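Okay, structure first, notes after.
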Amino acid sequence: MSAGLIHAESPAPAAVADGRATLLALARADARRYVRHPLFVLPCAVVLVMVVASVVQRDGGGTDPMFGTMMIAFFFGVFGFLVAHRLTNSMLRTRELAGVLPVGRQVRTLSLCLACLVSAAAGTATVGFMLVTAAFWPPDGEPSSLPVAWFGDYPASTVLPALIAMGPVAALGGPLLGVVVARWMPFRGSGLLGVVVLVVATAIPASDSRGSDIRLASAWPVLMDEHVDPDTEQIISTTFVPGITPGWALGWVLCLCGLAVVAALLRDPQHRRPLLFAGAGLTLAAAACYALALA
Amino acid sequence: MNTTTVALTDVGKSYGRADALSDVTLALRPGITGLLGPNGAGKTTMLRILATALAADRGTVEVLGSDPGTATGRTAVRRRLGYVPQETGFPRGFTAFSFLDYLAILKEWSDAETRHAEVRRVVELVDLTDVAPKRVSALSGGQRRRLVLAQAMIGQPDLLVLDEPTTGLDPAQRGRLRDVLGRAGESATVLISTHQTEDVAALCERVVVLDGGRVLFDGAVTDLVRQATGRVWMADDRHPAAQHAWRTGTGRVRNVGDPPPDAELIEPDLEDAYLLLVGDAAHDAGLEAVS
Ligand SMILES: Nc1ncnc2c1ncn2[C@@H]1O[C@H](COP(=O)(O)OP(=O)(O)O)[C@@H](O)[C@H]1O
Ligand SMILES: [Mg+2]
């Protein structure tokens, strides 16, 4: 111990608080916590191994888009739900302390929502990897009357929104829902309960025996169908679900993400009016995107 | 400095039908005030009200010129407050340093460089430098207690509310803590609840004794000690009139209460005075109940 340090003044008085700077500093810290969370680190490793393996196994073919996006949604979306839920609830045990700090719970909620962008970034990187490998090593595409596996006949304006909606946005939406559930159901078991509900609610409408309107009304709308060669049981092509415009479907899931943020923030009484307005606007936009996607 | 920084007027708080605090009126100034009282006296309730963790049911509370009953008042108080709760858990996954760093952000230290310097300062202050890179879950009870203290010292707050901060600390750490708090008390208002009368005697100029949610004593430590003058004596055995008596290291018995005429009186200390105050209050309450 050095006496000098004890005598030392604080390096700076808590300067006049700048709300935006505080939020950014907090979001950075929360993002670091997200990145280091075992339920994020582990899925990252698994996804890395799987995408590389899938490229290698397909004899120079790119990652299968259906498989790739499902992997993102599961490992970053579903696991992300748990990560965000745990990070949000982590202060429960410390609430006697955390409750009397100048930065209130609503700002902390917003910061956690921003930290969920870590998951979205991981999803984006995976989709990027899929696009790059598909461009460099196009799948060999068995002769078929259907478009080849990597959407050979579809324009980028269709392929990209579909991949983004099913990949990065799913990776963002899962953790955002985790924040919502943790804020509104602040007890430990709510995380696992939420995951079960999330997976079931996603799987039911996803079946390809259903109409496109039901398939779109899911937390993870499946916008593509795979076609398997009955003899070799190999995937020979991927097509888009007829009757859904991927661009508008992307808008729909983005609006759902926005609504999740609003729902999480509404747990606290501050800024209630603007939040309700934002919620109403997002609901309208979501409905419009849904309708346009099916038009 | 004689300005009042904290003022409670007729403050009450009830849990169901039980009054945890009733009609507490108290004014604090910069300096260190000790808060003594038996278990369940209402110390934690009072400290939580001052720390904006709990709202009073009755009466008015003014802390550092703000009203903690309003949202803006609460935020204003929290910007200048350091609080050590009686008990707290810790979030998982943090090291001692990163935990303090995270709380410093929540105290609006957004600039990373000054924040890190401040965290290093409070880590040094409570002598945790060696274990700062360790996980909180790997720290001992006393180290965690000091970690909670360290966060309270971030930003040199104007009001320190400390609920039994010395529990779990060894004598050397307590000595160091007294040094740190003594310095803080030169400019800040420090209210510290404890069961250790030696801490109060060593640190505080002023002491408040709570019992049953009421203020039994509020004044200079020396005045409280003086009340016990002539009521502490040494004898070879426990005296039947003594409220409290215990055999000391010398083999003789220290008696506290109303002495017999020939008693060998000795100088009282704060503990004697405190025991007599609380004992007399219980006695009076018993008489009241009978009549
Ligand atoms: N959350 C609570 N619910 C019900 N009663 C409580 C609660 N907190 C404290 N009390 C009661 O209020 C009284 C004062 O408690 P407290 O302020 O913790 O005393 P102290 O800190 O002096 O030991 C006690 O009788 C206690 O049982
Ligand atoms: Mg207590």
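Using the three backbone atoms N, Cα and C, a Cβ is placed for every residue, glycine included.
Counting residues 6+ beyond its ends, the transmembrane segment (A:38-56) has Cβ neighbours under 8 Å at 62-64, 67-68, 71-72, 75-76, 79-80, 82-83, 86, 118-119, 122, 126, 129-130, 133, 137 in the same chain. Summarising the annotation, TrEMBL assigns transmembrane segment to A:38-56 (among others).
The transmembrane segment annotation in TrEMBL covers A:68-88 (among others). Panel annotation: around the transmembrane segment (A:68-88), residues 30, 33-34, 37, 39-40, 42-44, 46-47, 50-51, 54, 109, 112, 115-116, 119, 122-123, 126-127, 130, 163, 166-168, 170-171, 173-179, 181-183, 190-191, 194-195, 198-199, 202, 220 of the same chain, lying at least six beyond its termini, place a Cβ under 8 Å from a Cβ of the stretch.
According to TrEMBL, the transmembrane segment annotation covers A:109-138 (among others).
Beyond the transmembrane segment (A:158-182), the same-chain residues lying 6 or more positions past its ends with a Cβ under 8 Å from any Cβ of the stretch are 34, 65, 68-70, 72-73, 76-86, 88-89, 109, 112-113, 116-117, 119-124, 126-127, 130-131, 151, 190-191, 194, 198, 219-224, 240, 246-247, 249-250, 252-254, 256-257, 260-261, 263-264. Look at TrEMBL and you will find A:158-182 (among others) tagged as transmembrane segment.
Marked as transmembrane segment by TrEMBL: A:189-206 (among others). Within the chain, the transmembrane segment (A:189-206) has long-range Cβ neighbours (under 8 A, six or more residues past its boundaries) at 73, 78, 81-82, 85-86, 89, 174, 177-178, 181-182, 214-222.
Annotated transmembrane segment per TrEMBL: A:247-266 (among others), in sequence order.
Summarising the annotation, TrEMBL assigns transmembrane segment to A:275-293 (among others).
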